[in-house]
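Written out below as structure tokens is the structure these notes cover.
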Amino acid sequence: MADSASESDTDAAGGGPAAMQSSCSATSGGSGGGGGGKSGGIVISPFRLEELTNRLASLQQENKVLKIELETYKLKCKALQEENRDLRKASVTIQARAEQEEEFISNTLFKKIQALQKEKETLAVNYEKEEEFLTNELSRKLMQLQHEKAELEQHLEQEQEFQVNKLMKKIKKLENDTISKQLTLEQLRREKIDLENTLEQEQEALVNRLWKRMDKLEAEKRILQEKLDQPVSAPPSPRDISMEIDSPENMMRHIRFLKNEVERLKKQLRAAQLQHSEKMAQYLEEERHMREENLRLQRKLQREMERREALCRQLSESESSLEMDDERYFNEMSAQGLRPRTVSSPIPYTPSPSSSRPISPGLSYASHTVGFTPPTSLTRAGMSYYNSPGLHVQHMGASHGITRPSPRRSSSPDKFKRPTPPPSPNTQSPVQPPPPPPPPPMQPAVPSAAPTQPAPTQPQHPVHPSSQP
């Protein structure tokens with residue numbers, strides 16, 4: 001834009017003298033022409049001459065303005081060139097500074113990378129050492145856990161076997177209880193069906209009675225009409241009434257009679273409905289009582305079962321404690337039962353150290369009870385059943401004459417009672433159905449009295465037969 005302005009200024013400046021020369025030539029030509037006009041006949045008017053002078057003045061003014069603009073544009077161009085030079089210098093300095101900063105940053109990062117590599121190598125070495133240590137430690141713990149797992153699995157199998165046997169007994173008992181409850185439920189259903197049939201029969205009998213009364217009333221009405229000498233075309237009935245009556249009085253009398261009859265029948269119907277509603281309410285009340293009784297008996301049965309389970313649990317705990325006491329007593333007897341054998345000779349017997357004769361029967365227990373230990377706390381419930389001291393006593397034989405109380409005592413029948421079957425809920429019905437079959441016999445496990453731990457009986461001391469002299 002500045003270049004085009006400068007070109008226009010130069011053109012205008014270059015064209016200024018030419019225009020002036022052309023104008024001068026024109027004026028001279030005009031003057032000459034004036035002289036020649038006089039000679040040649042060409043005349044320039046003064047109006048045209050004034051117009052040309054005005055145009056020349058305007059062109060000169062425009063030329064001055066364009067020259068001023070050219071000067072301003074030249075100044076602007078110089079300022080822009082200086083500014084461009086300054087910007088180039090600033091860019092060179094900024095680039096040099098950026099290169100210095102980049103080199104400094106690269107050096108610092110290289111140092112940090114070297115430090116991190118060294119730290120990484122040290123960490124790798126430490127990690128390998130720690131990993132090796134942890135691997136050895138974990139392998140040792142794994143072997144220990146495997147041994148413990150094998151032992152626990154063995155104990156668990158024994159406990160599971162004991163629990164399975166116990167649960168099988170409980171399942172059999174529950175199956176027997178379920179069968180008895182199903183039989184009771186079937187009996188209640190049959191009783192309900194019988195009650196419904198009885199109710200239907202009573203309703204049918206009531207309807208038949210009402211129909212008989214209606215027939216009887218129709219017959220009485222027919223007799224009364226015959227007595228009054230009224231023409232009876234057909235026996236009037238509530239279902240078939242003849243509306244053809246001779247006089248209005250007979251009609252009114254007949255209407256009053258029918259109204260009275262309807263009122264009486266309505267009263268009978270209301271009484272029958274009231275009686276029926278009372279019976280239904282009574283039956284519903286009986287059914288509600290039976291349901292409540294059934295629910296109460298079920299809750300009582302549940303409480304008895306829970307109580308029986310609790311007592312069985314306490315009994316098993318007491319049996320385990322008795323077994324431990326018996327084992328402890330047996331160990332003490334076997335360890336402290338060294339006394340001389342009683343002989344029949346009056347001469348006192350002095351055993352020699354080289355004699356291989358056993359001193360007393362208690363001494364022979366040592367070979368059997370060396371490896372005997374009371375059960376641990378982990379398998380106290382299950383192992384005591386299998387490692388009971390009764391097994392050692394049976395192994396010793398009956399020649400020693402030791403009598404020990406059995407750890408699993410059979411309860412006497414006077415301490416336990418069999419649960420009686422629930423009474424029939426249909427106690428208010430007139431017809432008593434046959435009682436439900438008793439539940440299958442169960443093992444007595446629930447004492448009737450409060451759960452009391454039976455006192456352990458003291459085992460009898462071994463009796464050694466002594467011959468009289």
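Backbone N, Cα and C define each Cβ position, glycine as well.
Among ARG140, ARG313, ARG380, the residue that Swiss-Prot annotates as omega-N-methylarginine is ARG380.
Of the listed residues (SER39, SER58, SER180, SER316), Swiss-Prot tags SER316 with phosphoserine; the rest carry no such note in the record, though that does not show they lack it.
Looking up SER45, SER345 in Swiss-Prot for phosphoserine, the annotated residue turns out to be SER45. In Swiss-Prot, the entry for phosphoserine among SER233, SER344, SER377 corresponds to SER233. Taking SER237, SER352 one by one, Swiss-Prot attaches phosphoserine to SER237.
Residue counts for the repeat '1' (99-127) under DSSP (helix as H, G, I; strand as E, B; rest coil) come to 29 helix, 0 strand, 0 coil. Ranked by how many other Cβ atoms sit within 10 Å of their Cβ, the modified residues SER45, SER316 place SER45 at the bottom.
Around SER247 (phosphoserine), no same-chain residue six or more apart in sequence has its CB under 8 Å from its CB. For the coiled coil (47-320), the mean pLDDT of the prediction comes to 87. Residue counts for the repeat '4' (186-199) under DSSP (helix as H, G, I; strand as E, B; rest coil) come to 14 helix, 0 strand, 0 coil. Note: the Cα of SER316 (phosphoserine) and the Cα of SER45 (phosphoserine) are spaced 155 Å from each other.
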